[in-house]
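Engineer: My questions all concern the structure below.
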Amino acid sequence: MSETRGRYDFCIGLVLAMSSSIFIGGSFILKKKGLLRLARKGSMRAGQGGHAYLKEWLWWAGLLSMGAGEVANFAAYAFAPATLVTPLGALSVLVSAILSSFFLNEKLNLHGKIGCLLSILGSTVMVIHAPQEEEVETLNEMSHKLGDPGFVLFATLVVIVSLILIFVVGPRHGQTNILVYITICSVIGALSVSCVKGLGIAIKELFAGKPVLKHPLSWILLLSLIVCVSTQINYLNRALDIFNTSIVTPIYYVIFTTSVLTCSAILFKEWQHMAADDIIGTFSGFLTIIVGIFLLHAFKDVNFTLANLPLSLRKDDRAANGTLLSTYDCFNHDEESAACLGEMQSTESLSARRNGSLSAF
């Protein structure tokens with residue numbers, strides 16, 4: 001009975017986590033469509049301080065979609081292991097990228113398509129090999145888990161590292177080193193997920209008619225969650241304001257998910273009873289998602305499609321053979337003449353500079 005119940009909860013958590021990604025990914029598209037519609041009407045844009053989007057129903061639909069996604073994600077932690085729910089959050093990026101190519105006419109290049117495929121494959125592998133956490137059904141059991149010496153040591157280290165980064169390293173290197181602010185919100189995020197997990201259990205007990213509001217742990221978890229989330233939002237916004245989003249997003253995903261996996265392994269002992277193939281599968285799926293997210297973000301501004309692939313391969317072959325097309329060859333292939341001439345000119349210029357010739361300048 002307990003095993004059947006655990007599998008049932010696991011399926012509910014999986015469905016909630018996937019629906020959360022769909023809602024959150026779709027919310028960005030709805031908000032963007034609403035803002036574009038306002039721009040076509042000539043209304044003052046949000047980036048210029050306008051608030052006309054508050055009268056646009058598409059923007060409100062996007063906001064409600066994001067709210068539904070966050071609620072579903074919150075509920076997923078009450079049913080499924082955090083090791084499963086957190087990595088599946090990457091699917092919201094994938095959903096947003098795919099929907100953008102259909103509804104916003106934003107081209108998804110070859111790297112992005114491969115990244116989407118890898119993210120789906122990695123998520124599937126993680127679902128298949130996801131660990132089954134220890135049964136934690138009441139706040140009393142959760143309080144015993146939180147009082148475990150291993151978790152107390154982990155939480156203490158997280159707090160100490162965060163304070164050092166905030167008050168010592170941040171003021172000196174936060175504006176130049178991308179890892180400082182991202183590390184702060186990532187390691188704090190591990191504690192916030194633990195708080196969400198505990199509050200999810202409290203809500204389940206509340207619906208069961210138990211007096212959880214009188215339990216001090218409920219209020220401690222709520223207060224801790226507010227502090228952790230506020231800190232995360234603050235330093236993530238700083239990182240996004242200073243550095244490129246396409247760099248911040250994949251780095252944040254990797255460090256944040258790694259922190260959550262570590263915290264969950266210590267708090268819920270998720271890895272103790274896992275077989276070796278499940279451990280390897282979980283890490284393989286996680287690494288596959290990382291590669292997919294990296295390809296999706298790092299090369300999103302590169303205009304590279306399957307149609308460009310043959311020409312790129314021909315150029316690579318010429319470079320590998322150490323030969324350049326002659327002027328005669330260039331002018332006998334009209335479709336490649338412009339590319340050939342540009343290649344010849346850049347090669348001649350480089351050769352002149354290496355020979356110390358001023359004529360190259």
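Cβ atoms are placed via backbone N, Cα and C, with glycine included.
A TrEMBL annotation is a machine prediction, not a hand-curated record.
The shown structure was predicted, so the numbers you read here are calculated from the model rather than taken from an experiment.
Here TrEMBL flags 12-30, 57-79, 85-104, 111-130, 150-171, 178-203, 215-235, 247-267, 279-299 as transmembrane segment.
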Engineer: Mark yes when the transmembrane segment (178-203) and the transmembrane segment (150-171) have three or more Cβ pairs under 8 Å (sequence separation 6 or more) and no when they do not.
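Structural biologist: Yes, the transmembrane segment (150-171) and the transmembrane segment (178-203) are in contact.
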Engineer: Can you say which of 111-130, 178-203, 247-267, 279-299 has the most Cβ pairs under 8 Å with the transmembrane segment (215-235)?
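Structural biologist: The stretch with the most contacts is 178-203.
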Engineer: At a threshold of under 8 Å on Cβ distances, which of 111-130, 178-203, 247-267 pairs most often with the transmembrane segment (279-299)?
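Structural biologist: Ranking 111-130, 178-203, 247-267 by Cβ pairs under 8 Å to the transmembrane segment (279-299) puts 111-130 first.
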Engineer: When you scan the chain for residues with a C-beta under 8 Å from the transmembrane segment (247-267), skipping those not six or more beyond its ends, what do you find?
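Structural biologist: Residues 81-83, 86-87, 89-90, 93, 133, 145-146, 148, 150-151, 154, 158, 178-179, 182-183, 185-187, 189-191, 193-194, 236, 239-240, 286, 290, 293-294, 297-298 contact the transmembrane segment (247-267) from elsewhere in the chain.
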